[in-house]
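What TrEMBL says about this one:
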type	residues	note
BINDING	Ile3, Glu53, Asp79	S-adenosyl-L-methionine binding site
DOMAIN	11-207	domain 'Ribosomal RNA adenine methylase transferase N-terminal'
Amino acid sequence: RFIACPQLARTVQRCLQDGARPGPQPVLLECSPGPGVLTRTLLNAGVRVVALENNLVFLPNLQSLENSLDGQLKVIYGDFFRLDPLTGTVKPPAMCSDKLFETVGVAAVPWRADVPVKVFGILPQKKERNTLWRLLFALYECSSVYRYGRVELNIFISEKEYKVLTAKPGETRAYQALTVLWQVGCEIQLLHMEPWSSFVTNLKNGGLAIPKSVWLPNDHLCLVRLTPQQNLFTGGLKPTNSATFIFMVKQCLAKPKSRLIDKLNSWSLDSDGKLLRELEIPRNAEARNLYPEDYRRLFEALQNSSMFTETWFHDDVLESIRHIN
């Protein structure tokens, strides 16, 4: 889907610039700009844009626009959502993040520094959930674009997935592992909601169908800002053990109604409930009752526990990562 409506483009431009600090702004990486309606609106507002276009049909117009400007726009043939392929040869439009950042001229900054790059894009509809998981792994492992710092994502996602990302404990249908992990990892801010009909597609069959949703509303695309937390790695959680944290959360919420103590017991951890008592978590608490920060506290407590390293947990983590990849 693309933005072709000038009014929507102006709305998105205002959202992207809202709350910007005074002084030089980070470069904006625009993913798959297509016809370039938003690109022109951003340029007119003084934004420095790198357009990452994966469709050869749209490249000539964008390159023509690039040539008419004095360095404010850079056009690259590539696909942001196919950065750093896990397997196989990297063939355009797939590309490596280090090559992209080198071309853009952005250097890595410390994690707690300001945002080095802003990204805008519309998540590919057919791979929306997979893309959210891949970005999540990259965030927690400080790999791909997150090797360069706390890259800020401004992405249109389906209303259904937005409801999952922002769900609260006890919301049976929406509260999932993805919820917990994104809320621990990022500040999540809703910038705008727009009906699906406002977007166009260049597909010959007339367009993409709006995904059906039985349990959650899905009438809009939601522009969501995902800003990595500055303090994400200040406690016991680190890029080196984050895969274990992801696995723990996924396993706990695989059966949301199950008691947390039963899950810990199945891992030969906290058989007498001592750890839960120390964390002031009720003994009969279900997995879906814990807040995201509770899961982080639980993980960090387990990291400090002598029995944690004596289990088969590590092997299961590696197997889970291979399966997801």
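Each position is counted from 1, following the chain as shown.
Backbone N, Cα and C atoms are what each Cβ position is placed from, and that goes for glycine too.
This view paints the features noted in TrEMBL onto the structure.
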residue	record	contacts (Cβ under 8 Å, 6+ apart)
Ile3	S-adenosyl-L-methionine binding site	Ala9, Val12, Gly34, Val37, Leu38, Ile122, Phe199
Glu53	S-adenosyl-L-methionine binding site	Ser32, Pro33, Gly34, Leu59, Leu62, Val75, Ile76, Tyr77, Gly78
Asp79	S-adenosyl-L-methionine binding site	Cys31, Ser32, Leu52, Asn54, Pro93, Ala94, Met95
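Of all Cα pairs drawn from Ile3, Glu53, Asp79, which the record names as binding S-adenosyl-L-methionine, the longest spans 17 Å. For the domain 'Ribosomal RNA adenine methylase transferase N-terminal' (11-207), the model gives a mean pLDDT of 93.
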